[in-house]
Amino acid sequence: MRRLLTGCLLSSARPLKSRLPLLMSSSLPSSAGKKPKQATLARFFTSMKNKPTEGTPSPKKSSKHMLEDRMDNVSGEEEYATKKLKQTAVTHTVAAPSSMGSNFSSIPSSAPSSGVADSPQQSQRLVGEVEDALSSNNNDHYSSNIPYSEVCEVFNKIEAISSRLEIIRICSDFFIKIMKQSSKNLIPTTYLFINRLGPDYEAGLELGLGENLLMKTISETCGKSMSQIKLKYKDIGDLGEIAMGARNVQPTMFKPKPLTVGEVFKNLRAIAKTQGKDSQLKKMKLIKRMLTACKGIEAKFLIRSLESKLRIGLAEKTVLISLSKALLLHDENREDSPDKDVPMDVLESAQQKIRDAFCQVPNYEIVINSCLEHGIMNLDKYCTLRPGIPLKPMLAKPTKAINEVLDRFQGETFTSEYKYDGERAQVHLLNDGTMRIYSRNGENMTERYPEINITDFIQDLDTTKNLILDCEAVAWDKDQGKILPFQVLSTRKRKDVELNDVKVKVCLFAFDILCYNDERLINKSLKERREYLTKVTKVVPGEFQYATQITTNNLDELQKFLDESVNHSCEGLMVKMLEGPESHYEPSKRSRNWLKLKKDYLEGVGDSLDLCVLGAYYGRGKRTGTYGGFLLGCYNQDTGEFETCCKIGTGFSDEMLQLLHDRLTPTIIDGPKATFVFDSSAEPDVWFEPTTLFEVLTADLSLSPIYKAGSATFDKGVSLRFPRFLRIREDKGVEDATSSDQIVELYENQSHMQN
């Protein structure tokens with residue numbers, strides 16, 4: 001077959017009759033006395049002649065397009081022939097042979113056809129760049145020969161059940177199974193389970209695939225028209241189901257080589273890292289290669305992975321628990337034991353070990369490899385925070401009154417700091433002298449602040465190898481020497497920032513140090529950490545300063561300090577335990593050892609909420625032409641769903657409404673996503689991809705038959721009363737939205753206070 005295909009293309013510029021002798025002699029190598037496989041030739045031409053088409057055939061197509069469309073269906077044993085054909089295709093441009101019928105010339109192209117053939121140079125470049133993307137991503141540590149179909153079968157089982165314990169059992173059993181074959185299978189498999197391509201702080205891992213691109217790819221790969229795909233999508237709202245249905249009824253010329261976990265994961269990373277000219281075409285080519293090889297339910301979950309939403313009710317913390325159980329059994333060589341149960345206290349200890357490790361080193365590859373090398377029960381010794389990897393920041397619980405603060409810290413030594421109205425900034429100095437700045441959700445935002453150089457704030461560079469600081473980046477007026485509102489900070493560019501372009505200066509207000517010269521400080525008291533901070537760093541007015549603080553338990557002094565913080569353009573106070581184990585830094589935890597007291601929220605629920613924009617309602621009157629209101633939802637961390645909690649239309653300026661219209665309109669989708677939990681009576685005029693968070697104030701919370709937040713806890717959902725827009729949260733991803741559990745907790749605390 002390899003010779004046959006090569007012969008077909010090499011002779012493609014000749015009339016069909018003159019090519020037949022060559023084709024008839026180009027069968028597979030045969031032993032002496034064996035006749036050429038003419039039946040194979042007949043099937044080959046018949047499949048091309050009978051290829052279903054739509055639209056008007058182009059009078060001339062590039063041979064590269066014709067070839068790649070046909071070769072999207074070739075893999076496995078035909079890989080050699082594919083490469084040879086691609087090398088040859090770019091030197092030929094052919095017209096459709098009339099004797100084979102017009103169907104041959106109208107084989108659908110994967111690239112937009114203008115009726116003009118690509119030049120050989122353009123064709124060669126596109127093919128080469130696609131293969132470069134694949135080869136450059138060929139990392140051995142992501143290799144896995146586990147059939148992708150096995151992962152999809154697990155996803156299918158999980159989708160059909162709701163019991164969290166059963167999901168944990170299914171996941172842990174599968175992790176144990178693949179570790180028996182090879183422990184290297186675990187890393188790419190885990191990333192597929194949590195639907196990520198690497199750690200959050202690694203740049204360039206956003207797939208960036210819109211619905212239209214995926215629809216077009218499914219259309220061209222599966223021989224369906226765009227109108228058919230869109231009609232079906234409007235009906236069922238699941239591109240994965242559509243791709244599975246279309247793929248399973250489509251015949252292929254060759255039996256594709258089965259997909260593996262390693263292949264799928266590497267290709268997903270290659271798609272994410274594909275940028276620049278023709279990037280969309282190159283991404284489509286990579287998707288087609290996988291989609292063509294999909295069987296059964298594989299297409300369904302491949303497309304969902306490409307959408308970055310599996311929608312099977314598998315939360316990341318469930319995967320972490322499953323991993324801890326599997327790794328614990330792996331350590332104890334109990335995978336084959338008929339009784340895999342382990343004592344609950346041991347299992348809970350293993351779960352806590354892996355949670356703590358991941359909060360300090362949010363990188364599954366490092367955490368899993370450390371477990372495999374040292375054992376999960378030794379993670380706290382070998383897998384700890386390190387400069388260059390952003391740990392998940394400690395967070396504070398909201399409170400509504402100074403009396404509540406005094407009650408919480410009664411008999412304890414505590415301290416209060418200004419709560420600055422800026423952007424959380426975790427600053428790392430690395431051994432090689434480079435600096436990195438990370439946001440609260442782990443995004444590398446070093447390039448956003450070119451004017452900051454941490455080495456300017458170090459007391460002794462000769463003795464300081466590395467460190468990690470916890471700070472707030474605040475807009476600063478250098479002329480008047482004062483803090484500017486957050487709205488001023490938000491006007492700074494977020495990408496491609498040049499030093500000469502900086503108009504809004506920032507000052508770093510440091511309030512904690514977490515690591516110094518490889519010494520982990522999070523298990524020291526806040527009082528000790530403050531001593532480290534002032535010893536190794538120095539104040540540079542207007543550039544690097546310490547958070548203003550006071551240590552007192554006097555009610556009047558605290559009230560005065562709160563008023564002063566507001567007068568200095570701050571949000572309020574952060575009140576923290578100062579001494580003892582309770583003052584240790586707890587990565588990722590929203591702890592009652594840190595309380596936030598915001599002046600604006602003393603009469604409300606005690607805190608603002610960060611809610612995801614799910615849809616919008618058209619404006620009327622003076623708001624005609626923009627959106628007049630928005631449907632907001634919280635995030636359920638257990639199910640991965642967004643649960644509606646209010647409609648908001650207050651707090652917006654005309655300028656903000658126009659900005660939101662321009663920002664959100666490109667994200668409109670045809671209907672609600674399967675992860676949106678809502679009541680039809682609150683259905684908006686348009687639905688959006690979940691991309692944007694609003695920070696919202698509310699007077700209080702109430703139960704509602706219309707909204708769905710926390711409905712798993714109550715008979716009704718929890719809704720916000722009189723919500724008011726504050727700002728867009730640029731520093732948070734949508735999965736960092738206020739959770740359903742947090743809304744339930746706020747409602748219960750409010751009810752308790754009222755009673």
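Residue 1 is the first one shown; counting continues down the chain.
Using the three backbone atoms N, Cα and C, a Cβ is placed for every residue, glycine included.
What Swiss-Prot records as phosphoserine, among Ser62, Ser110, Ser123, Ser279, is residue Ser123. When Ser119, Ser337 are compared with the annotations in Swiss-Prot, the one labelled phosphoserine turns out to be Ser119. Range with Swiss-Prot annotation region 'Interaction with target DNA', chosen from 309-318, 339-348, 479-488, 659-668, is 309-318. Cross-referencing Ser75, Ser135, Ser143, Ser751 with Swiss-Prot, the residue annotated as phosphoserine turns out to be Ser75. Across the region 'Interaction with target DNA' (309-318), DSSP helix (H, G, I), strand (E, B) and coil residues number 3 helix, 0 strand, 7 coil.
Per-residue confidence over the region 'Interaction with target DNA' (309-318) averages 89 (mean pLDDT, predicted model).
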